[in-house]
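Q: Can you keep this structure in mind? I'll have questions shortly.
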Amino acid sequence: MNYDRTPFETDKPGEECGVFGAYDFDGHDISSSIYYGLFALQHRGQESCGIAVSDTEGPKGKVDYYKDMGLVNEVFDEERLNRLHGNIGVGHVRYSTAGASNRENAQPLIIHYIKGTLAVAHNGNLTNAVDLREKLKYSGAIFQTTIDSETIAYYIARERVQTKNVQEAVSRTMDKIEGAYALAVMSPRKLIGARDPYGFKPLCIGKRDNTYFLSSETCALDAVGAEFVRDVEPGEIVTITPNGILSDKSHCLPAEKQGRCIFEYIYFARPDSRIDGINVYSARLLAGRFLAKDSSVDADIVVGVPESGNAAAQGYAMESGIPYGTAFVKNNYVGRTFIKPKQSSRESSVRVKLNVLREVVKDKRVILIDDSIVRGTTSDQIVNMLKDAGAKEVHMRISSPPFLWPCYFGIDVPERHQLIAYNHTVDEICKEIGADTLGYLRLERLPEMVNGLGICTGCFTGNYPIPAPKDDIRGEYEA
Ligand code: SF4
């Protein structure tokens with residue numbers, strides 16, 4: 001399977017970031033493991049990436065790092081990896097929202113300070129970054145980047161001067177920062193992972209022989225041959241040292257207050273990942289089953305829009321007894337540098353990427369499953385392609401509720417007025433995309449999809465686990 005998110009998949013919420021960390025207690029170089037980990041997390045961010053490593057037996061301030069714009073396999077080659085020496089390290093893949101997609105904002109962020117060096121990799125968005133940054137500026141801080149992750153790094157470094165150890169500095173930083181974050185922090189002798197109290201972003205721990213890992217998703221642990229140890233709990237700080245894993249749960253909230261981003265399960269995460277005990281593929285399968293129960297229609301075949309619609313389509317087929325089929329062949333070689341066809345030309349980005357298997361859909365009543373409709377700019381083309389290929393009817397089913405509100409927690413969602421469900425009824429959207437019928441997943445089904453875990457449903461309801469910031473901070477300071 002291919003999980004690239006190519007530039008013309010413009011009708012999806014924008015991806016976020018991925019973090020990965022490793023600590024080899026036997027002292028071997030760890031950069032190649034971080035490389036493979038990041039490679040498995042590439043779907044979480046394709047604009048820039050970086051790796052920072054250090055030697056826990058070496059001089060305290062020495063960090064080897066490299067970061068740049070591009071995919072993991074474009075930025076790193078064997079020679080570059082061989083120049084990164086150290087048995088502890090963190091890595092990052094990044095997607096940026098509007099504006100500052102440049103090299104200086106690539107992560108991990110490296111900070112040299114009185115206690116040595118910190119490297120910070122962050123996934124998420126702080127909702128009070130603007131305020132915190134102003135405060136820091138007034139106290140003399142000079143910022144090198146326009147990302148909110150730098151605020152986190154500054155606070156950790158600042159607090160570390162006053163605290164016994166770095167994990168306490170992370171804890172005090174968590175007292176100040178608000179919003180969504182999963183962090184992998186490398187101090188000279190410790191690897192630290194932390195997750196915001198709501199658990200918006202995933203983070204887990206893995207182990208291979210004498211090496212421990214932190215990763216945004218379990219698929220990256222599999223890629224490096226590590227066993228899954230456990231998830232970092234929402235609000236937990238884990239400190240990985242040769243003497244064991246220390247855990248600080250002083251920021252944890254009761255389960256009912258937690259707010260994992262449900263879009264991780266619907267679309268962002270890889271289907272082979274498990275987040276907080278729930279396999280992403282199984283959650284998508286269940287969403288499809290719910291659609292079949294709540295929004296059934298007579299048809300001859302169920303198909304998914306690749307890739308993230310496929311699992312829900314399989315679930316729909318299982319529940320309804322209508323055969324599952326593959327209607328689309330995807331061109332896997334469309335990369336970031338793909339030149340988008342001009343609007344006026346007959347070529348279409350969607351058609352370049354997806355082609356229909358006519359023989360599968362001709363003269364059939366087709367149920368088409370996709371994970372979301374954001375602006376509604378590609379669904380009409382996909383429906384048209386099926387009809388052009390001879391489908392008698394196209395019934396569209398969406399494995400999430402209508403997208404109505406922005407996200408402030410690190411997901412790139414267009415302005416409200418650009419969301420098709422904001423100013424159209426379901427019937428109007430159905431007409432606009434040219435489908436025969438249209439059905440969305442019911443809101444009440446979301447917690448069931450993840451076995452009752454505490455989730456954020458803000459983009460469907462406008463009710464966020466933490467109050468939305470007064471000013472629109474999206475695009476101001478980024479993750
Ligand atoms: S508002 Fe939506 S996209 Fe943003 S964190 Fe909540 S569920 Fe995820």
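Just so you know, glycine gets a Cβ as well, placed from its N, Cα and C.
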Q: Among Cys261, Cys430, which residue does TrEMBL annotate as binding [4Fe-4S] cluster at the site that also has Cys407, Cys456, Cys459?
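A: Of Cys261, Cys430, Cys261 joins Cys407, Cys456, Cys459 in the [4Fe-4S] cluster site that TrEMBL records.
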Q: Please identify which of Ser296, Ser308, Ser320 is recorded by TrEMBL as part of the Mg(2+) site containing Asp370, Asp371.
A: Ser308
Q: Work out the three-state DSSP category of Cys456 ([4Fe-4S] cluster binding site).
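A: In the DSSP reduction, Cys456 ([4Fe-4S] cluster binding site) maps to strand.
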Q: Counting only residues 6+ away in sequence within the same chain, which have a CB under 8 Å from the CB of Cys459 ([4Fe-4S] cluster binding site)?
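A: Result: Pro13, Phe263, Phe403, Leu404, Trp405, Pro406, Cys407, Ile411, Val413.
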Q: Run through the Cβ atoms and count how many others sit within 10 Å of the one on Asp370 (Mg(2+) binding site).
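A: For Asp370 (Mg(2+) binding site), the count of other Cβ atoms within 10 Å is 23.
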Q: Name them in sequence order: residues not among Cys261, Cys407, Cys456, Cys459 whose Cβ is within 8 Å of the mean position of the Cβ atoms defining the [4Fe-4S] cluster site.
A: Phe200, Ile262, Phe263, Phe409, Ile411, Thr457, Gly458, Tyr464
Q: Please list, in sequence order, those recorded positions from Cys17, Cys261, Ser308, Asp371, Cys407 with the Cβ less than 6 Å from ligand 1.
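A: Checked recorded positions vs ligand 1; flagged Cys261, Cys407.
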